[in-house]
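Take a look at the structure set out below.
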Amino acid sequence: MTTAVPRLIEQFEHGLDAPICLTWELTYACNLACVHCLSSSGKRDPGELSTRQCQDIIDELERMQVFYVNIGGGEPTVRPDFWELVDYATAHHVGVKFSTNGVRINPEVAARLAASDCVDVQISLDGATAEVNDAVRGAGSFAMAVRALENLAAAGFADAKISVVVTRHNVGQLDDFAALADRYGATLRITRLRPSGRGADVWEELHPTAAQQVALYDWLVAKGERVLTGDSFFHLAPLGSSGALAGLNMCGAGRVVCLIDPVGDVYACPFAIHDRFLAGNVLTDGGFDQVWKNAPLFRQLREPQSAGACGSCGHYDSCRGGCMAAKFFTGLPLDGPDPECVQGYGAPALAQERHAPRPRVDHSRGSRE
């Protein structure tokens, strides 16, 4: 590791003038009801930001020189002004990456996307077969996602992403996912299952076993050179030598990443939609720039963090204690071990009596909110 890398990580830990990765959930409306949805999406929130309010945020992002925004939901393409907002963002030098289940990616839309140099598309797929995928994402969702990939490939869209949430039921399909990506000229992106949103209700039964975590690490080291992971799997880093696993080995919440939700609330992390991690609101707290730079929560997160119960572990520098959201939503202390700690410290903590907080909002169809 060069000396530049530790300096860069130190800079990340103290926060940047603008987020590297800004996730923006434009809507909670969704045509699917995935059992592990991190935002408990389904129904549109009546307080959803207007088109003009969204454009004001984009204007701020341009002034802050944010490179791109990662748009999700819900299913963002069902919002009536989605394409208007995409065009507005790219015209104002803010690139767009959006996540979709593929419902609106018909041949005409695929051709439109292929003609743009500023838009990246990520198709969600949680099984390399319909049987595995549809068990968590709903009947017909596999065929819908594959049809979107086919349309993008036929239109000449370069380098779509296939985004996979790794579960104990699909971790054995990693080679199949990679083959699927190759078939459509796409790049594979895999992410960690967090106990966030509806994921809190199914985490115990869906998260990979300890043996599968090791198998996942081995696969990433052996075959993951062209696989995107972001900061999803830094909790696996203690399984090998320093630098063996690509990606950022730290929690970027409030430092280099954050989330704007459909009503303008700003959270430290896309997987931590709870009052504990609410930094402010773009409408009532002076705009996004003001929240990002001055919110007390973000200032706190950018201070040196205590290693807590993990301080005596020789692997702390590798994983930094793991994922904040995973700990919080399983009822574990934030300065304790990750629930999936590969050194085995998470399992005893999970076995103790604990209170797991519930997500702040639930827009699932059938919920009362």
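Using the three backbone atoms N, Cα and C, a Cβ is placed for every residue, glycine included.
Here's what Swiss-Prot has on this protein:
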type	residues	note
BINDING	Cys30, Cys34, Cys37	[4Fe-4S] cluster 1 binding site
BINDING	Cys251, Cys258, Cys269, Cys323	[4Fe-4S] cluster 2 binding site
BINDING	Cys310, Cys313, Cys319, Cys341	[4Fe-4S] cluster 3 binding site
COMPBIAS	352-369	compositional bias 'Basic and acidic residues'
DOMAIN	16-232	domain 'Radical SAM core'
REGION	347-369	region 'Disordered'
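Annotated features, which come from Swiss-Prot, shown on the structure.
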residue: Cys30; record: [4Fe-4S] cluster 1 binding site; CB count, 10 Å: 24
residue: Cys34; record: [4Fe-4S] cluster 1 binding site; CB count, 10 Å: 23
residue: Cys37; record: [4Fe-4S] cluster 1 binding site; CB count, 10 Å: 25
residue: Cys251; record: [4Fe-4S] cluster 2 binding site; CB count, 10 Å: 28
residue: Cys269; record: [4Fe-4S] cluster 2 binding site; CB count, 10 Å: 24
residue: Cys310; record: [4Fe-4S] cluster 3 binding site; CB count, 10 Å: 20
residue: Cys313; record: [4Fe-4S] cluster 3 binding site; CB count, 10 Å: 17
residue: Cys319; record: [4Fe-4S] cluster 3 binding site; CB count, 10 Å: 25
residue: Cys323; record: [4Fe-4S] cluster 2 binding site; CB count, 10 Å: 28
residue: Cys341; record: [4Fe-4S] cluster 3 binding site; CB count, 10 Å: 28
Surrounding residues of the region 'Disordered' (347-369) on its own chain - C-beta under 8 Å, 6+ positions past either end: 28, 33, 37, 39-45, 74, 195-198, 200, 210, 261, 273-276, 278, 328-332, 336-337, 339, 341
Secondary structure at Cys251 ([4Fe-4S] cluster 2 binding site), reduced by DSSP to three states: coil
Residues satisfying Cβ distance under 8 Å from Cys258 ([4Fe-4S] cluster 2 binding site), sequence separation of at least 6: Pro19, Leu22, Thr23, Val266, Tyr267, Ala268, Cys269, Ala279, Trp292, Phe298
Neighbours of Cys310, Cys313, Cys319, Cys341 excl. site residues, C-beta within 8 Å of centre, [4Fe-4S] cluster 3: His235, Pro238, His315, Tyr316, Ser318, Gly321, Gly322, Pro337, Asp338, Gln343, Tyr345
Distance from Cys37 ([4Fe-4S] cluster 1 binding site) back to Cys313 ([4Fe-4S] cluster 3 binding site), taken between C-alpha atoms, in Å: 33
Proximal residue to Cys37 ([4Fe-4S] cluster 1 binding site) among binding-site residues Cys319, Cys323, Cys341 (C-alpha distance): Cys323
Cys310 ([4Fe-4S] cluster 3 binding site): secondary structure state under DSSP, collapsed to three categories: helix
Secondary-structure category, per DSSP, in which Cys34 ([4Fe-4S] cluster 1 binding site) falls: coil
By Cα-Cα distance, the member of binding-site residues Cys30, Cys251, Cys323 nearest Cys341 ([4Fe-4S] cluster 3 binding site): Cys323
Cα proximity to Cys323 ([4Fe-4S] cluster 2 binding site), best match among binding-site residues Cys30, Cys34, Cys310: Cys310
Candidates Cys30, Cys34, Cys310, Cys319 (binding-site residues) with Cα within 10 Å of Cys251 ([4Fe-4S] cluster 2 binding site): Cys319
Helix-strand-coil residue split for the compositional bias 'Basic and acidic residues' (352-369), DSSP-based: 0 helix, 0 strand, 18 coil
Distance from Cys34 ([4Fe-4S] cluster 1 binding site) back to Cys319 ([4Fe-4S] cluster 3 binding site), taken between C-alpha atoms, in Å: 29
